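Chemist: Got a structure for you, questions after.
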Amino acid sequence: MALDVLTDLKKVRNIGIMAHIDAGKTTTTERILFYTGINHKLGETHDGASTMDWMAQEQERGITITSAATSCYWHDYQINIIDTPGHVDFTVEVERSLRVLDGAVAVFDGKEGVEPQSETVWRQADKYEVPRICFVNKMDKLGADFYFTVDTIKSRLGATPLVLQLPIGAENDFVGVVDLITMKALVWEGDSKGDVSLGAKYETREIPEDLQDRAAEYRNQLVEAVAEADDELMEKYLGGEELTEDEIKAGIRKLTITSQAYPVLCGSAFKNRGVQPMLDAVVDYLPSPLDVEDVQGHAINDEEEVMTRTADADGPFAALAFKVASHPFYGQLTYIRVYSGKAKAGEQVMNSTKGKRERIGKLFQMHSNKENPVEEISAGHIYAAIGLKDTTTGDTLSDPSNQIVLESMSFPAPVIFVAIEPKTKGDQEKLSTAIQKLSAEDPTFTVSLNDETGQTEIGGMGELHLDILVDRMKREFKVEANVGKPQVAYRETIKKAVEKVDYTHKKQTGGSGQFAKVQVSFEPLPLDAEELYEFDNAVTGGRVPREYIPSVDHGIQDAMQLGILAGYPVVGVKATLVDGAYHDVDSSEMAFKIAGSMVFKEGARRANPVLLEPLMAVEVRTPEEYMGDVIGDLNSRRGQIQSMEDVTGVKLVSALVPLSEMFGYIGDLRSKTQGRAVYSMQFDSYSEVPKAVAEEIIQKNRGE
């Protein structure tokens with residue numbers, strides 16, 4: 001189905017659907033596609049037939065792993081949607097989609113309210129200043145409570161909710177919503193699955209009597225919030241005049257786009273209720289590419305020189321590659337957001353991040369994993385391109401004669417590793433291909449060679465992340481491999497400063513020798529600092545020639561990678577080169593690199609080195625009767641309980657627990673609570689390992 005790409009950017013919305021893992025995000029997206037006429041049959045997540053979940057494992061596990069991009073039309077607006085995963089192991093997918101969106105719909109579970117993962121995704125959206133509307137889903141669920149969910153948006157997210165609708169009925173009796181702008185009731189008829197039109201039709205009625213007082217109260221709050229944001233409206237409001245519907249809508253739009261408040265709507269995507277008014281809200285309140293600030297970047301040779309690009313098809317071409325995926329027929333698909341200008345298939349563009357020219361092959365607008373070919377791409381839209389061989393996630397593509405480097409994305413380092421060993425020589429080649437393709441797609445998937453064991457190790461953001469990557473290797477790339485037990489990504493650091501550590505590297509063997517003398521001071525950096533390593537040059541009077549200074553820095557960094565105590569990389573160090581000496585003939589870059597490496601080993605041993613481990617923020621929701629067992633179990637895993645609170649019929653326990661103690665936790669939790677408790681965890685910080693535990697790890701690593 002060929003769809004036109006809208007050139008009037010006022011009528012374009014680039015949005016993401018974001019939420020906790022089970023809030024019903026993919027179902028909501030499916031309904032959007034159904035009502036906007038792209039899907040003629042509804043896909044259900046629990047049937048494994050969902051359009052947006054197109055990878056085999058997504059359909060099996062019923063969770064969204066990669067963010068599929070889709071374009072659809074509502075009234076005469078074009079909505080480009082990215083469906084993002086809600087599982088914490090896939091933060092990279094959420095980060096990269098938020099980077100290129102203009103707005104988002106945050107989906108909440110009407111029974112659970114704001115859950116840990118919703119909080120994480122919300123904070124990521126704050127980081128990129130993405131305006132949002134909230135959709136309280138699953139209003140048909142037992143125990144659903146709209147007002148509780150609105151309270152948690154305030155209390156857990158610290159956000160200002162702007163309630164635009166109230167639910168009519170609850171649980172099985174949920175039939176529709178009160179629209180507080182028009183002060184009418186919207187009611188969906190039909191059975192629980194909707195009638196023949198699958199909830200596509202709803203009736204506008206008068207507000208039920210039992211809701212009239214509450215609706216009037218919430219309407220007043222809404223009008224007051226809108227009036228406060230605009231002096232003219234405030235005057236009108238204080239003068240006792242009614243605000244018109246258009247004025248209220250314009251006020252809500254202003255509050256939303258500036259992220260001062262977040263409109264809240266409700267419904268049940270699964271029961272086909274409330275989706276169309278939510279689409280109206282996307283169009284009415286979320287920004288177009290013209291409403292957001294110009295995208296910033298810097299000049300190719302000077303990071304200090306700030307440059308901007310405006311959403312204008314006639315401007316110089318600038319786009320950001322935000323995802324790379326393997327396609328069964330086309331090979332590598334690169335998803336890009338075009339910020340300014342336009343480009344045609346077959347044209348050359350510049351990858352200004354890498355300084356390489358790229359030729360664009362075919363261009364598509366995507367519908368999940370189906371492609372709609374287009375001849376030209378232009379500002380304000382999201383596309384997929386083929387033929388970009390050197391482009392990876394976070395790279396900028398720009399006009400060769402007017403280059404810019406857009407702000408890239410930063411991704412967290414992996415916290416968990418497994419060794420992977422191909423079964424045959426043929427598998428070795430397949431494994432190399434798989435690793436190359438998967439690491440191009442996913443920047444949080446890392447590969448390294450363990451020098452001691454000679455094994456290939458892959459790293460990721462959690463057990464589920466690595467499970468799925470290994471599963472993809474077997475399924476998509478037909479790799480047969482043995483996979484080891486998960487290993488924790490420990491780190492090392494120093495705790496005290498050491499002043500002026502001397503090291504002289506001297507070697508005299510026939511012909512020219514090697515000579516380098518350095519004096520370096522080391523001090524610890526806080527582990528939450530932006531940079532975990534700093535190098536300063538405080539040498540005066542040319543005692544170490546300028547050309548050798550980077551070699552000292554590289555030598556120190558090389559030694560840090562090899563560790564002090566147990567061979568784990570060292571972080572949190574500031575090194576200052578204070579003094580040194582050189583020889584006209586025998587000094588070289590290599591000699592100073594070796595001296596840098598050795599002075600670090602010497603200094604670090606004296607600087608009270610310690611082992612660090614990743615701590616995970618764990619949240620457990622458990623019925624009250626199992627609370628004691630859950631807390632006792634977390635304590636036995638060296639957990640520190642942070643808080644306990646009541647949340648709709650269950651207890652919520654928050655704790656910080658070392659990752660090394662969390663393997664296999666889900667099985668233990670199920671057996672202790674008869675399967676009634678659920679948990680989520682995400683990386684929090686690195687923390688010092690207790691002495692007794694550290695000694696065990698060090699001995700094991702040294703093979704003692």
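Each Cβ is built from the backbone N, Cα and C atoms, and glycine gets one as well.
Checked Swiss-Prot, it gives:
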type    : residues              : note
BINDING : 19-26, 83-87, 137-140 : GTP binding site
DOMAIN  : 10-290                : domain 'tr-type G'
Chemist: Tell me the Cβ neighbour count for ALA19 (GTP binding site), meaning other Cβ atoms within 10 Å of its Cβ, over all protein chains shown.
Modeler: 28
Chemist: Neighbour count, 10 Å Cβ-Cβ cut-off, for MET139 (GTP binding site): what number do you get?
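Modeler: Excluding its own Cβ, the number within 10 Å is 29.
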Chemist: Would you report the average pLDDT that the model assigns to the domain 'tr-type G' (10-290)?
Modeler: 81
Chemist: Using DSSP and collapsing to three states, where does ALA19 (GTP binding site) fall: helix, strand or coil?
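Modeler: Strand, per DSSP.
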Chemist: If H, G and I count as helix, E and B as strand, and all else as coil, what does DSSP give for MET139 (GTP binding site)?
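Modeler: Looking at the DSSP assignment, MET139 (GTP binding site) belongs to neither helix nor strand, so coil.
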